[in-house]
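First up is the structure itself, then whatever we jot down about it.
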Amino acid sequence: MARSEARRQAREKRPRAVPEERALRERRQPRPRREPLESGAGDHRRPPQASAGAAGHASFMRRLVDQEDAGGQSQEPEVLGRTGNLPRKPASRNSPEAPPLDGTLGCWATGAGAAGGFGGAQNRACVAPTSCPGNLPARPLPFLPPLLASRNPCPWHYVHLSGSHDTLVPTCFEAKLHQKGSGPTPSATSTLAERASPAMATYTYTSRPRALPCQRRRYRDDLMQQPEEPVHYGNIMYDRRVIRGNTYALQSVPLPGQPDPVEIQRQQQARRRAFARKQAQEQLRPRTPEPVEGRKHVDVQTELYLEEIADRIVEVDMECQTDAFLDKPPTPLFIPAKTGKDVATEILEGELFDFDLEVKPMLEVLVGKTIEQSLLEVMEEEELANLRASQYAYEELRNIELAEVQRLEEQERRHREEKERRKQQQWQVVHKHNETSQKIAARAFAQRYLADLLPSVFDSLRDGGYFYDPVERDIEIGFLPWLMNEVDKTMESSMVGRTVLDMLIREVVERRLNLYEQKEGRHASVRPENGLGGPGGTREPLVGFESQDQGASQAQRPLPDRDSLQRTPYDARYAERVSSQERRLAEENDELTEMRKSSKREELSQ
């Protein structure tokens, strides 16, 4: 039931235009034409006819597709397969056509191609009808959706009538058979709208030859009369939209060496961008500035080796001096030309006018005008005086107001300064209060922390010798050094006494030894002389006494003994030790004094 309803709707939507189709066939029959054709009007070529019956059908079953490549625009018939998809169109003009997928031409359901004469061995072009009549533009519009035929694989089923986009006329004699075999399919118009997709950017068109609307008269009035305006006729022999060459074996796939139109368009766009970039770089490249007024640029050779310029232009210098500027002569007075004739006559006094009658009105006017002018001047002076008075009053008011404003500004400034000063004082009070509270807290913390620390510190300092007895320190500093000095003096005096005693004892012993030796020598000399004393005997005691005196003098000299030699370095070391102890005691005393002062300050602060 649903299938029959869909068939009925499809039959109702399909237009019944069989008489129009017959009229179209009759118009498509080849006949001589005398009217000029518009460019693009004859954009269909009929393929060779296999039979007389196929001439009317194969003449308008063709669609021309415009493709633009590097060489220009070309048109090829588009072959539609059984699946209804558009194959890829070749870019060349003369290329063989690929046969259908099943190897047969014409209608697969009715056999119209082979039996009915729609497409034989010589008529291989089978295209889907188009629905866009008119002339082809210079470039195909990529945004126009392609117009495809119905879902039936036969391209002879429907064709668009001229001037209609939605009217399809069945052209196959067995179109009903296809309708039955296709099942519940929508009409060709709805199928055309469904199959149209923006992704397939192929522009298709078709147009019938028609006579141009000629406004000229058929015959000229005068043989020598020139036409008012030239008439441009279109020659289809040079029209790019007309296919050239063999159309019997067009291929649906491009040749291996044929470039892709999309790739060609992309290369052209890249070439345009590169050219535009190069032009921009040329414009941005630094060039020689233009010459100043009165000069011009001259080409100069910059090669390594100079060459003679044969075609040198002969230049000639010429001079021209103008006269000095002269003063402008005075402009003559303008004297207008006379327009009448001069006539002389004699006029006596009192003949032309009465003085009293003529002068009195003029005098009244002059006097009245003078009085009026004087009154105006007086009024103006009064007005100026009033303006000055009002201006003076305004200035006084303004000065008073300015003084008041200054007073108020000064008062505001004083208030602001007082406010800032009060804020500063309050901030200082708050700051001092915070500082005092922090000090009190720190003091309390220090007291609690030092409560147990001070005794231990004092004990350790006392144990280390930093706290000492003043009496003991006075004894160590004042008494002990004096005692040591006195002891040293006493010991030194005793050492000196001992040394003197030793020297005296030595001297006495030496004298006695000398006397003893002299006595023995005297006894030895007396014995050989038989006890006779001579002059030698009398002189020897003198010699002995001299030697004795020398020995005594030598014995009287203080000789350094071992004790004196040992006592000298001992005394130096002792003095150095005593001085170091004194310095240490002085430093300890200073430290103790500082600690006492700090403790007193803390007690006062508490």
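The backbone N, Cα and C atoms fix where each Cβ goes, glycine too.
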Of the residue ranges 176-208, 572-604, the one that Swiss-Prot records as coiled coil: 572-604
The residue range that Swiss-Prot labels coiled coil, out of 393-429, 504-540, is 393-429
Measure the Cβ-based neighbour count of T331 (phosphothreonine), defined as the other Cβ atoms within 10 Å of its Cβ. 6
Average the per-residue pLDDT over the coiled coil (393-429) and send me the rounded value. 96
